[in-house]
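S.K.: Pasting the relevant annotations from TrEMBL:
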DOMAIN    1-276  domain 'UvrD-like helicase ATP-binding'
BINDING   Ala22, Gly23, Pro24, Gly25, Ser26, Gly27, Lys28, Thr29  ATP binding site
DOMAIN    277-538  domain 'UvrD-like helicase C-terminal'
Amino acid sequence: MKIDTSQINAIRHKDGPELVLAGPGSGKTLVITRRVQHLIDQYHIPPSAILVITFTKAAATEMRQRFEKLMGGRRVPVSFGTFHAVYFMILKHAYGYTADNIVKEEQRLQFMKEYIRRLRLEYDDENEFISSLFSEISLIKNTSVNLAHYYSSCCGQDVFRNIFEAYENFLHQNRFIDFDDMLVYCKELLVQRPDILAAWQRKYQYILIDEFQDINQIQYDIIRMLAAPQDNLFIVGDDDQSIYRFRGARPEIMLNFTKDYPDAGKVILDTNYRSGAEIVRHAGNLISFNQKRFEKKIAPAAKTGIPVVKKEFQTQREQNLYVIQEILRLHREGMEYKDMAVLFRTNMQPRFLMEMMLDYSISFTAKDRIPNIYDHWITRDLFAYIDIARGDRRRSTFLKIMNRPKRYLSRESLPYEEVAFDVWEEYYEEQGWMVQRLEKLQMDLKVIAGMRPYSAINYIRKGVAYEDYLREYAEVRRIPFEDLADVLDELQENARGFETFDSWFEHIKQLREELEEQAKSYKVAEGVNLSTLHSSKGLEYDTVFLVDVNENVMPNKKAVLDADLEEERRMFYVGMTRAKNRLYLLWSHQIRNKDMDPSRFLIECESAQTKR
């Protein structure tokens, strides 16, 4: 492969700090591996003095393999590893840690499950709640936030502090560390033990970092210590592809690198060897609307390209049908399914499309865990109403929904495993208003029993006032009601077209079986890729469909601040630049019966922002 001038300049850099801005498809892996080769072959740097850091194990493995191929297959003692692997190695040498000291995921989960059950907290989905807790604990450790000043979004401040401290005690008592502790403890060690720091500084005299835009503060603090005093720090990344702020990544670290290292050299890899000219032009126009970025103009290596397809639809269903038809057409013309990707903003979006793909026998693979809407606690509540309406009299089913909405019915009022309304009314015979509530519940259940699924869900929402319960639930937990309403909307839309509950439930059963079969199938790896924008990073496909390109989806409705909007724009940029030849940008006037507007990003793609 021919190497361009910018790449050569980066590869030949020897001493001191260097910032390499690598646009999408610009050959950054080639630059990193060639520079390591150059340090060894041309500058005679001992291989063992070179450290290459990546963000994922897969990237470290790929980088090592590419480097070894470059070196003719011989093993050379250059260190390749993730931040966590490198920092754990330092701790291992200092404290004698082994792999047994790293807490296993099932151990963390088991502890957290038992602890929150002891606290008797109210939550509807245990796994979701635990996942949120661990995300927040990780954020605190990675950003060094003072726990006393942290406000949790998943539970009260005192409860969260209690859980955080209990989790830390669990780790200490068992001499466990989690992945975040590797960073925290490593920094503490190097600050407190200058002798240990000096030993590692002598060992690794040349440090190269890939995907530098995703670094967080604590990772950067440690790297700065390790690279000193020679500061042979070679960082490669693209500020326009920084999309992990929610995990504590700080894109401003890269933007301020030349302030921290005023003598740093700078090279821009500004040729995109991946994407067609039209894709590069549209992506460049879009990202120019971000203010906090390095100014750069990415040029396509290909001077021509297939035009970007921008298409609007009346409904999301029509949009999805168009995607299916295009996938089938391209497949008939010889393109393999695995060379196509459908990209979404969140992992909730692909569910509709997945059902349709199963109907059309299109194999697919999902890069993310796609939650099944039929497993959601709101769905379970609605199904409990429907089951009772159809004759289910188990106490456990009634307990799920008897106070959703609030009816002030007590558990003690249901002493038997089978529920009989006449016995229930007898319990409350002294309280006429409670008997009226039970009569209203019975009437509601009779109405539901005579309805089609779509109408039944609508009646439970409005007539039974389940929606009011959700509104109150959202208010108490300080979460957006719209997120819960979206589940109701999607479930109701899924029920459309079914005449009976039996036919709908049979469809759901078949869907589960097909999804399980699909997951086991050898064809999965060969299937169309379904992925969130986050998970698509670093990958490339011949053809990319970006769907639901609507306001409040892309950009997400939660993005209000300028910094959030810039991150959303970077995410969209990442999605666009995954495409080699074909890019589709699709949006709908209606999603789940809600009127929607096209995304501002569609307009921004058309012409670059004029800098003031």
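Each position is counted from 1, following the chain as shown.
Cβ atoms are placed via backbone N, Cα and C, with glycine included.
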S.K.: So which other residues, same chain and not among Ala22, Gly23, Pro24, Gly25, Ser26, Gly27, Lys28, Thr29, have a Cβ within 8 Å of the centroid of the Cβ atoms at the ATP site?
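M.R.: Counting only non-site residues, the set is Val31, Asp238, Leu269, Asn272, Tyr273, Arg274.
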S.K.: Since the record lists Pro24, Gly27 as binding-site residues, which of them has the fewest other Cβ atoms within 10 Å of its Cβ?
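M.R.: The binding-site residues Pro24, Gly27 were compared, and Gly27 has the fewest Cβ atoms within 10 Å.
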S.K.: How would DSSP class Thr29 (ATP binding site) in three states?
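M.R.: Thr29 (ATP binding site) sits in a helix per DSSP.
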S.K.: Fewest other Cβ atoms within 10 Å: which of the binding-site residues Ser26, Thr29 wins that one? Let me know.
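M.R.: Comparing Cβ neighbour counts within 10 Å for the binding-site residues Ser26, Thr29 gives Thr29.
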S.K.: Just to verify: the residue among Gly23, Gly25 with the fewest other Cβ atoms within 10 Å, which of the binding-site residues is it?
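M.R.: Result for the binding-site residues Gly23, Gly25: minimum number of other Cβ atoms within 10 Å at Gly25.
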S.K.: Quick one: among the binding-site residues Ala22, Lys28, which has the most Cβ atoms sitting within 10 Å of its own Cβ?
M.R.: Ala22
S.K.: May I ask you to report the DSSP-based helix, strand or coil state of Ala22 (ATP binding site)?
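M.R.: The three-state answer is strand.
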S.K.: So what's the average pLDDT for the domain 'UvrD-like helicase ATP-binding' (1-276)?
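M.R.: Overall, the domain 'UvrD-like helicase ATP-binding' (1-276) comes to a mean pLDDT of 92.
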